[in-house]
Amino acid sequence: MTGFYTLLYKELLRFWKVAFQTVLAPVLSSLLYLMIFSHVLAERAQVYADVSYAAFLIPGLVMMAILQNAFANSSSSLIQSKITGNLVFILLTPLSYLEIFLAYVVASMLRGLVVGLGVYLVAAWFYPVSPQLSGWVIVFALLGSAILGVMGLIAGIVSDKFDQLAGFQNFIILPLTFLSGVFYSIHSLPSTWQFLSHLNPFFYMVDGFRYGFFGFSDFSPYISLLIILACLVVISGWALWMLRSGYKIRH
Amino acid sequence: MTPAIEVQQLSKRYGALTALDDIDLKIEQGEFFALLGSNGAGKTTLISILAGLIKPTSGTARVMGYDVQSQYQQTRQRLGVVPQELVYDPFFNVREMLVMQSGYFGIKHNDVWIDEILFRLDLANKAHVNLRALSGGMKRRVLIAQALVHKPPVIILDEPTAGVDVDLRQSLWQFVQQLNQDGHTVVLTTHYLEEAEALCRRVAMLKQGRVVVLDSIENLVRTIRDYTLLLRLSTNILPDGLQSWTVKHDPVGELYRISIKEYTEIETILSLLREAGIQIIDLQLRQPDLEDVFVKTMEMDQAVAL
Ligand SMILES: Nc1ncnc2c1ncn2[C@@H]1O[C@H](COP(=O)(O)OP(=O)(O)OP(=O)(O)O)[C@@H](O)[C@H]1O
Ligand SMILES: [Mg+2]
């Protein structure tokens with residue numbers, strides 16, 4: 001276990017040493033979203049009765065920050081180590097592929113959760129909103145950050161260059177988070193888009209997370225939970241298989 | 001005793017290129033062994049397979065009796081590898097790197113040994129300097145230190161002295177020799193053959209992915225009986241009489257290298273030069289050494305070498 005804890009510690013230190021970029025910057029940009037959207041859309045986008053648009057937006061923004069930062073952490077750490085070549089320091093050790101997997105994913109989860117908490121604290125200072133059902137909030141935050149941490153791991157393994165990783169970020173992660181109902185309720189969408197939203201796993205993460213805040217949501221939180229659990233299992237299996245076979249890492 | 005390293009019918013192909021071609025090699029525990037060969041001969045490929053960084057196309061490799069693929073945790077615990085590439089992690093300082101590297105190997109409190117390594121590699125005053133701020137030679141020392149944190153019984157150094165200054169080179173070899181005397185098996189690659197000759201007892205020479213020579217240095221040098229007469233002359237037109245010797249002209253320093261078998265030949269050569277009115281500016285006689293073996297091996301037709 002010492003090996004796992006050490007790698008986890010190293011991964012945490014890696015983002016904590018540059019917390020200005022890895023924590024403060026994303027908190028700030030979420031805050032800008034909140035300022036702009038809540039002003040522009042305040043009158044036009046009443047989503048649920050009794051819930052102001054700003055209050056509706058905050059859980060979405062928190063979850064978006066969790067997801068994007070969890071992804072950013074494992075993917076950028078891996079690609080940097082691959083490109084600079086220092087991944088060899090880990091590859092030369094007896095660390096098992098499971099330990100490597102867990103260390104990268106747990107570190108990503110913590111980065112996502114720290115940023116998410118930061119966004120929440122700052123946003124709630126402007127627009128007080130507190131979770132009704134904290135259990136759901138915690139479960140969805142953990143699962144969402146885990147899935148994106150694993151996705152980041154896969155993206156980091158598959159990419160050989162920074163621009164390939166940027167491709168993942170711009171063509172997969174960004175559209176999926178923006179179209180997951182962070183800024184709106186999917187009930188306000190035309191039916192085709194509603195249907196497409198249901199194919200987006202990020203939708204269930206955001207929706208379930210929001211359920212924890214308000215006690216109601218677009219979709220049943222139990223089904224959302226099952227769907228994202230299934231996603232986590234499938235994607236983890238895939239990542240573990242890659243690590244185990246040495247895909248792209250041990251030629 | 002189980003061999004420290006045992007490689008059987010090992011091959012590695014990259015598409016059409018065969019980097020290692022059916023290699024068999026056994027290195028016993030406690031040996032100080034050199035792996036030699038020109039650029040691209042396959043040395044790093046062999047080391048990478050032993051370290052589990054790449055997978056062989058076919059064949060098996062064992063470290064201390066364990067298979068490098070199916071028992072990778074056992075082999076990596078017993079192996080310390082200094083990679084050829086100068087890699088480092090710009091996020092950390094020297095001590096942090098060594099503490100973390102120890103942790104990866106499951107070692108929690110390693111400060112005494114880390115201090116000793118830092119001292120031996122003359123890094124003690126750099127312990128708290130970020131890796132980014134170190135010179136190339138110092139980064140190389142950190143790589144060496146990292147390979148030793150877990151006191152591996154088998155140490156493989158892939159060109160450890162490239163870019164390292166004379167002082168450190170000497171203290172590094174002293175340190176490695178000490179480790180070897182303490183029972184560690186040491187395998188090194190180097191392009192400085194005099195290093196290999198001074199330190200190692202046995203060598204393997206690789207050529208295009210094959211082991212073409214495998215013997216003790218003593219035996220190898222004994223097979224070469226030619227001395228080399230090194231001459232610097234006042235002219236570059238040689239008398240015809242010298243044609244019965246193999247004469248090589250080395251444009252660096254305007255040297256002529258003449259292979260001779262007997263000391264008496266020197267006299268004949270000198271008198272030929274004197275008759276032609278050529279002055280000798282500098283003269284040296286060189287005993288055969290590992291470099292001669294190496295050059296001869298590499299010049300040989302592959303078919304002959306096998
Ligand atoms: N990833 C790779 N893909 C394709 N070919 C490779 C790869 N790695 C090494 N090779 C080839 O394998 C051969 C052996 O390379 P290797 O690095 O083992 O040589 P070496 O003996 O260590 O040389 P040097 O003294 O320059 O370090 C070379 O022809 C090299 O081009
Ligand atoms: Mg090499």
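Numbers here mean position along the shown chain, with the first residue as 1.
Each residue, glycine too, has its Cβ placed from N, Cα and C.
Among the features that TrEMBL reports, domain 'ABC transmembrane type-2' is placed at A:17-246.
Among residues of the same chain six or more beyond the transmembrane segment (A:20-41), those with a C-beta under 8 A of the stretch's C-beta atoms are 53-54, 57-58, 61-62, 64-65, 68-69, 72-73, 111, 114-115, 118-119, 122-123, 126-127, 183. The transmembrane segment feature in TrEMBL is assigned to A:20-41 (among others).
Beyond its flanks by at least six residues, the transmembrane segment (A:53-71) meets 22, 26-27, 30, 33-34, 37-38, 41-42, 45-47, 108-109, 111-113, 115-116, 118-120, 123-124, 126-127, 129, 137, 140-141, 144-146, 148-149, 151-152, 155, 169, 173-174, 177, 180-183, 185, 202, 205-206, 209-210, 212-214 of its own chain at Cβ-Cβ distances under 8 Å. Per TrEMBL, transmembrane segment is recorded for A:53-71 (among others).
Annotated transmembrane segment per TrEMBL: A:83-106 (among others), in sequence order. Sequence-remote contacts of a segment are chain residues at least 6 beyond its ends whose Cβ falls under 8 Å from one of its Cβ atoms, and for the transmembrane segment (A:83-106) they are 3-4, 7-8, 10-11, 74, 77, 146, 149-150, 152-153, 161-162, 236, 239-240, 243-244, 249-250.
The transmembrane segment annotation in TrEMBL covers A:113-130 (among others).
The transmembrane segment annotation in TrEMBL covers A:136-158 (among others).
Feature annotation from TrEMBL assigns transmembrane segment to A:165-186 (among others).
Taken from TrEMBL, the feature transmembrane segment applies to A:222-243 (among others).
Residues 37, 41, 45, 47-48, 56-57, 60-61, 63-64, 67-68, 71-72, 75-76, 79, 148, 151, 155-156, 159, 193-194, 196-198, 200-203, 205-207, 218 of the same chain lie 6 or more positions beyond the ends of the transmembrane segment (A:165-186) yet place their CB under 8 Å from a CB of it. Beyond the ends of the transmembrane segment (A:113-130), by six or more residues, the same chain brings 22-24, 26-27, 30-31, 34, 38, 52, 54-55, 58-59, 61-63, 65-66, 69, 141-142, 145, 213 to within a C-beta distance below 8 angstroms of the stretch.
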